[in-house]
Amino acid sequence: MAEGINRVHRNPSTAELVELALRRGEGELTANGALVAKTGARTGRSPNDRFIVKEAGSEADIEWGNVNKPFAPEAFNALWDRVAAYLADKEVFVSDLEVGADPEHYLPVTVTTEYAWHQLFARNLFIIPEHFNQAGKPTWQIMNAPGFVCEPERDGTASEATVIINFAERKVLLAGLKYAGEMKKSMFSVQNFLLPAKGVLPMHCSANVGKDGDTTLFFGLSGTGKTTLSADPKRFLIGDDEHGWAPGSVFNIEGGCYAKCIDLSQKNEPVIWDAIRFGTVLENVVLDDKRVPDYKNASLTENTRAAYPLEHIAQRQEENRGGEPRAVVFLTCDVSGVLPPVSKLTKEQAAYHFLSGYTAKVGSTEMGSTAAIQSTFSTCFGAPFFPRPAGVYAELLMKRIEEFGSQVYLVNTGWTGGPYGVGKRFDIPTTRAIVDAIVSGELASVETVHLEKLNLEVPVAVPGVETALLNPVNTWADKAKYQEYAQKLAEEFQANFAKYQVPDSIKNAGPKA
């Protein structure tokens, strides 16, 4: 930071930040006590504006391309100094936080923000430690200045806004954007780069634990059900989005949740509903004339959000971590209506589907996405956040599955009986019944039937689920049309997978066109 900053609020409380945000006109107080803020034109992540500084220490280990775009060190330093100078005479908010609920693998991070509500977001989503940085590790710095306007020709950015990660300097710079999710995803990308070198698998997943200490992981892209399904009244939540899987443990990388709010209902998502109260930040949620949030209103964006600390969840795992997972669930939202609601995977199939990351962009978190739903392949169920080559993460996944003996399942939260627009989407109670059968261990030894084209093993019965739903061909009125769509999907899988250099055992574990 630049010298001479005045009016610094250091480690401010929730009440202080809410009060300051309201006083400064950054947001409104809602009827349920939450603070609602609007993010302007950017209502999602801006992947085209995200860069990693290209420097000797990390250059060889990063997969450079459209996701990880290089930025020159000298250009970064110049821009960092310009943003620091911009903040030097402003009221700013600073907190000492941590990323990673593990004494060995945490990162200390000092977060400086121009907005009070951004600081509240950071304190909700990162971990507020009892004693900051007990191991005395080098501290990371996040500097977030949404009011700063970048000049692409001068600064080397792609637009007026940017997100830049610098591993050598341990710095993250955010300038020109109000969407707060960029802060959490930046530090997730940092841990995604650092953890594999320590033999820890970083994961874009949610996690919960049962009364008997059995951990379950839920992988999936935004909108596939990670947050909803892990917020289970019968289990204890570890976290809803980012975790590390180390030998002996699964730990949360964060200290809070960032839940999608579109169509949120008390009936279907009681845990999330109850977590939205004083201290929660609502992003781009529209209020009615009595300031009651209208969760059905997508006039600002489909990507409406609630950011709250884990303390807002009654049934949570206090220490923010658990044992290794007995069950691992890959959530896919299949818009073609071809995939079964649940399949059991071998470890090779798990690696195949992990690398494929087949799903749909549902109410996408990325800028420029509309409500239209389209299928996508997102490596490791989170391609935008993984700096290393995909094979690094797939190998670590197979190693952890093999060493611990986890059972992996592919669960379709998308369509059946026809593609999007024709068939119907699996309802949340059906998916919950499937997940209940998975976490109870009932599906581990159940009889299965083989689906040839998809190369998947499907249970013949699942408690609480209509048997007719289990084999997808039975839900289509036109069986020939189903085979046609299944063939098309198998071909898409194969075309996407051709880019991976992996053993034949993994290559052959996917659909057969």
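Placed from the backbone N, Cα and C atoms, the Cβ positions cover glycine too.
Positions annotated as substrate binding site by Swiss-Prot, on the basis of sequence analysis: Arg45, Tyr179, Lys185, Arg305. Swiss-Prot lists Lys185, His204, Gly220, Leu221, Ser222, Gly223, Thr224, Gly225, Lys226, Thr227, Thr228, Glu269, Arg305, Thr431 with the feature ATP binding site, giving sequence analysis as the kind of evidence. Annotation comment: Swiss-Prot describes Lys185, His204, Asp241 as Mn(2+) binding site, evidence class sequence analysis.
DSSP assigns Tyr179 (substrate binding site) to coil in the three-state reduction, outside any helix or strand. Counting in whole angstrom, Tyr179 (substrate binding site) lies 22 from Thr228 (ATP binding site) by their C-alpha atoms.
If you measure from the Cα atom of Arg45 (substrate binding site) to that of Asp241 (Mn(2+) binding site), you get 15 Å. Each of Lys184, Phe188, Glu242, Gly382, Phe385 belongs to the same chain as Lys185, His204, Asp241, is absent from that list, and has a C-beta within 8 angstroms of the C-beta centroid marking the Mn(2+) site. It is Arg305, among the binding-site residues Lys226, Arg305, whose Cβ has the fewest other Cβ atoms within 10 Å in the structure shown. Mapped onto three states, the DSSP output places Thr224 (ATP binding site) in coil. Across the structure, Lys185 (substrate binding site) and Gly220 (ATP binding site) are spaced 15 Å apart at their Cα atoms.
For Asp241 (Mn(2+) binding site), the same-chain residues lying six or more positions away in sequence with a CB closer than 8 A to its CB are Lys184, Phe188, His204, Cys205, Ser206, Lys226, Thr227, Glu254, Cys257, Tyr258. DSSP assigns Arg305 (substrate binding site) to a strand in the three-state reduction.
Other C-beta atoms found within 10 angstroms of the C-beta of Arg45 (substrate binding site) number 24, with every protein chain shown included. Non-local neighbourhood of Gly220 (ATP binding site): His204, Cys205, Lys226, Phe330, Leu331, Thr332, Cys333, Thr359, Phe381, Thr413, each in the same chain, at least six residues away, with C-beta under 8 Å from its C-beta.
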